[in-house]
Amino acid sequence: MLRPLVPLCSVLSEKVTRQDLTSIRRRSHCPQGNTHGAVGKNKLKSSISSLGLTSSEMSGDSAAVASFAVTDYVVFALMLLVSAAVGVYYAWVDRGQGSSGDFLTGGRRLTALPVSLSLTASFMSAITVLSNPAEVYRYGANIGYYGLSYAMTMVVTSEIFLPVFYRLAITSTYEYLELRFSRATRLLGTVLFIVQTILYTGVVIYTPALALNQVTGMDLWGAVISTGVVCTFYCTMGGLRAVVWTDVFQLGVMVAGFLSVIIRSVVVQGGILPVISDSRDGGRLNFGDFDTSPLRRHTFWTITVGGTFVWISIYGINQAQVQRYVSCKSVTHARLSLYINLVGLWSILLCSVFAGMCLFSVYKKCDPWTARRVSQPDQLMPYLVMDLLGDYPGLPGLFVAAAFSGSLSTVSSSISALAAVTVEDLIKPYTKMSERHLAWTSKGLSVLYGVLCIGMAGLASLMGGALQAVISIFGIIGGPLLGVFTLGILCPMANSKGALSGLVSGLVVSLWVGIGAQVYPPSPEMSRPLSLTTQGCNFTHAESLNWTSGALPTQPASFSAASAQHTQPLLADSWYAVSYLYFSPIGTITAVSVGLLVSLLTGGWKQKVVSRLTLMKEDTNLYHLFRLVKDRVARRTGELDLATGREKSGSTNRAFCDVELDLTKCSFPT
């Protein structure tokens, strides 16, 4: 089996031109700086000598950034062109349909398959492509437990939230809050959603731009702006149908990008079993952690319980997802789209986890992050791509296209959802604009929100790891929103005073714990990053050596827990140290508890609620399944009245036939 070494090519000084590096790689057969075996190293040394470089010239803090080939740019540009072309196509097809409903919901005539793929792509963003593998690399593969969270989320969404939203045929999720509670609750929910989505979208735009900057050296803000402009273009041109079908295409690109990296890594490492063996020996297969402490960053319980709350707040009530499944042509198609989407979520999760295992297997003896070859963990996957796929024209471009596809699908979903809630919640109730004018207003809002999301990308660099930042945003804001929707759908006694009080209380508590955790990060004992080493590195730069811990490279080694105790408050090691995955349950439980208490104290138990605004037993598949089983049992035991289809209330003489003796349905001659 070939044992990959971290390349000497990657530590050349910036004085070496990219053309020289390309020449070195070709003469040494070193794929983008990767050298396999002694022969490659000797060829590399002779190539460096022929350029007249000394060892002092080869040292530097940053690795030389590899550049794209023409084929890589072609692959990347093709993905952008296809995405834009879909928007142009649906703008042409739907040119005669001028209503805002057609623009925002696709006319409610979409089928299950494209909607399910769009649901999968919407929140499987560049965070999944770049941050999930880095998470496995640093903390282990136990994020695979998200698969259980996905399953529970789809069941809860399909059985509780979907039936109510589909029956009401509403465009904005937050319209429900006014129907059930009050306009004030609706407006507060809308504002919170807008803030949440813009913050989230900023992270999603920034992450792939950072990856492209690492791989190609392209200007960071140039990449940010290009992402936002393309998304805004096809959202504005084609509406929801363009967004859905573009998501389908971009999901395929994401899978192809993952597979290219996984297949090449498996080939280099000599098969799947060595990758699994390396991950096991390195402690990455940590599926047996059932610690119930809420302070632990990732365990079985934090991921399955906390993760379920987070994903229910996304699939159950988030406008971007609800807008998709209520656009289906029937409730059956809507439910089916959720369960097909579950298969897609599992597939993407499996790819991202195994990609992280491949990442560790390749760099198990020489970590590029602690060796300062990359500046952030989210750059590890692009580094691996250029290390292993640099000599394969088009494949680096395919991976970057995959990362950008995840970003484009998510940003487009967010822009479409932001336009929908603004029109339905903030404009339509207060104006008398025609449907055509509302449609044009929706397009204008798409442009406006595209610009805002690009601007918010600047804050993403201040939020730390992309994965944790995104889930924290959804937990802090999405948790209280999930609580108030749960009150409305499941608690008939909840009134407007209780809902508003619960939403505000949940938001205050969530902000308290979320901001506290950001200001006073938990100790490494709670997050437990796994060990990384540079002992197998062949770097010439002395500062890159001797990093053998899982600590952040930016943290001073002399930092001690004793000095931290003098500056941190009493809650720093308890309340502020709660796992970020529990932000959402904390907000939800607070909102529901306070909401119920205030409702009961203000006479909520006396009110009468329209049944269509709450969950009815006939809405759930479990109810129909129970009735089906009960009827079959009754048929077999003879307890079912064949004339009425109901259970018999008394005993019947078995010598007679129920149907023949049903005289109420007979007509007699007069």
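Using the three backbone atoms N, Cα and C, a Cβ is placed for every residue, glycine included.
Features reported for this protein in TrEMBL:
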- 73-92: transmembrane segment (TRANSMEM)
- 112-131: transmembrane segment (TRANSMEM)
- 143-166: transmembrane segment (TRANSMEM)
- 187-208: transmembrane segment (TRANSMEM)
- 220-244: transmembrane segment (TRANSMEM)
- 251-276: transmembrane segment (TRANSMEM)
- 299-317: transmembrane segment (TRANSMEM)
- 338-363: transmembrane segment (TRANSMEM)
- 444-463: transmembrane segment (TRANSMEM)
- 469-491: transmembrane segment (TRANSMEM)
- 498-520: transmembrane segment (TRANSMEM)
- 580-602: transmembrane segment (TRANSMEM)
| Is the count of Cβ pairs under 8 Å between the transmembrane segment (338-363) and the transmembrane segment (220-244), pairs 6 or more apart in sequence, 3 or more? | no
| field | Outside the transmembrane segment (143-166), six or more residues from its ends: residues with CB under 8 Å to it | value | 132, 135-136, 173, 176, 287, 298, 300, 303-304, 307-308, 310-312, 314-317, 322, 325-326, 331, 334-335, 338-339, 341-342, 345-346, 349-350, 353, 485, 489-490, 612-616, 619-622
| remark: The answer for the transmembrane segment (299-317), taking Cβ pairs under 8 Å and residues 6+ beyond its ends, is 119, 123, 142-143, 145-146, 148-150, 152-154, 156-157, 160-161, 173, 287, 289-293, 338, 471, 474-475, 478-479, 481-482, 485, 579, 581-585, 588
| said: Can you work out whether the transmembrane segment (73-92) touches the transmembrane segment (220-244), with the criterion being 3+ CB pairs under 8 Å where the paired residues are 6 or more apart along the chain? | reply: yes
| Do at least three C-beta pairs under 8 angstroms join the transmembrane segment (469-491) to the transmembrane segment (580-602), pairs 6 or more apart in sequence? | yes
| task | Establish whether the number of Cβ pairs under 8 Å between the transmembrane segment (112-131) and the transmembrane segment (580-602) reaches at least three, counting only pairs separated by 6 or more residues. | result | no
| What stretch in 220-244, 251-276, 444-463, 580-602 has the biggest tally of Cβ pairs under 8 Å against the transmembrane segment (498-520)? | 580-602
| task | Between the transmembrane segment (220-244) and the stretches 187-208, 251-276, 444-463, work out which stretch tops the count of Cβ pairs under 8 Å. | result | 444-463
| remark: Across 251-276, 444-463, 580-602, the most C-beta pairs under 8 Å with the transmembrane segment (187-208) come from 444-463
| said: Give the nonlocal contacts of the transmembrane segment (580-602) in its own chain as ranges (CB under 8 Å, at least six residues past its ends). | reply: 294, 297-298, 302-303, 305-307, 309-310, 313, 468, 471-472, 474-480, 482-484, 486-487, 491, 493-495, 497-499, 501-503, 505-507, 509-510, 513-514, 517
